[in-house]
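Asker: Sharing a structure with you now.
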């Protein structure tokens, strides 16, 4: 639950009919109606495929033909955006609806609503190809709004792609963890006007960091603990979610982007945080990263951190012994073995069990993934004196001089906003790298590093088209292998890893290149024949999280992928191309429209990276820079915005996790890590939180 500005209603309702007409003209250009023949040559033939009648109906669809259904969903999406961004979109649409002002954006005296499809395509391509950043951003924004809305309200699209709308195994009781636990959420009271609670420790945030701290402290039953989460709690039997519904588990319902629109940002916003919606990948902090971190926080290089990583891995039953690779994960394993590239298997936090759950990014219905909800918070409640409160916005940390005395919050229960005051000896901030800085700033802390040093593990995707394969990734584990050949490009631990992309349409299709509408419709039909490999960079550059005075709870992200990181990611997608080619992809498709698709009919057993056609194409790929906005980037990991360190000039907290400005406030989440973790950060966050929890226990002296 997040406090939002009511100004959005006024802005959205003020968009004129003419402006909406312009939007639909653009949307119909991105996704036009098509001939069924364009689709039927490429569609999946699995158990979830569309019938001929459904495929014909889907081919005829476009955003405008979906009418109010499309528009209503679009408006819901806009309600998640910051008001100033919606105002800018409204202004652009209004300018495009008047001939005198549209001329400056389209270079035509004809309105978009008067143009032919090919003319509108020329306009959209001119925006994408422009050297004017706002025009590139306009293209990206309109594309994302169009394709996400088209998918969210269109079950026919899922069937046309051969992708089930819901997990087909969601009612299979044989796959459900019989010992799954249902949390009892603290009820402030139906008739309460205000509330006060007194505890030893209040933990703000319930994810990988907050969950581990709660579990660790709860081993002493004399320590009373309150865990506060701004998001909602979904019981395992409530996680029968399709992709559209699943985004309610994410920050801003999955709509958060960087300020310039070049990067989509996914972060958990539910009980369990990122550990609820991650892909089970459990990877220890790389040695090169630990060496770097130990220069400012010595214990990262010591046995205390080794012990913490082993502890959290053991507690979750992490193992690589019970795995079956999906098609894309096998491309990494098999392709790397053929080419002599380095790769690792990825341990899974699934209690030593095989966990084939392609929908785990929307919560684990089977309660096998050992995230905060299933493992850490459950043990904190069962074994200690811990209570949990969800749907609660923490307004500020209450301080008396240099000492924190608790937190002030608003509880959203029973259709009311109930003021809550929590008195506590220790305050643990574990809201994640997007929310922790906001709470610190709202509380009056002044350290200049708060919100800065943001690292994101920027990534992009390379696709391989295997027309004779039904990928069916939704049936398999998501991330079980990682290509590490280029993980240290600069000799300082910065480099790119190759991982399988989750196969969920909205997640995946943001990386599709758009050159024209008919080609895009064909790509959509090929969905279940596509392998998607991510190139994930440990970033050298950094950005910041900040908040505007009129919306202090909404994180804004100022981050642009720098040239060094972009060059490393380019090396990564070249590496991904090698793997896809050697494993037999007919087509290799980059997310950037400026990179031509490579096509080969050479039999897989006769392929070599020195094949002239592939080598020539790869040289073109290497020479095409991955510019923000002309290529789509994403982030599923946000880190280091309240980092630990050796002095207040370069960090927010000391090596014990204590704020330099207030020593009974502790940082215990990804924001505290000194820089990007390089590997998927869950284990790094948990191990960091485990070390911090031991310091908190010492300081409590109970």
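Yeah, the Cβs are placed from backbone N, Cα and C, and that goes for glycine too.
Annotated domain 'Glucose-methanol-choline oxidoreductase N-terminal' per TrEMBL: 248-458, in sequence order. Annotation source TrEMBL lists domain 'Glucose-methanol-choline oxidoreductase C-terminal' at 543-689. The active site, proton acceptor annotation in TrEMBL covers 637.
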Asker: When you measure from the Cβ of the residue listed as 'active site, proton acceptor', how many other Cβ atoms are you left with inside 10 Å?
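Answerer: Excluding its own Cβ, the number within 10 Å is 28.
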Asker: Could you please provide the mean pLDDT value for the domain 'Glucose-methanol-choline oxidoreductase N-terminal' (248-458)?
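Answerer: So the average pLDDT across the domain 'Glucose-methanol-choline oxidoreductase N-terminal' (248-458) works out to 97.
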Asker: Would you mind splitting the domain 'Glucose-methanol-choline oxidoreductase C-terminal' (543-689) into helix, strand and coil residue counts from DSSP?
Answerer: 45 helix, 36 strand, 66 coil
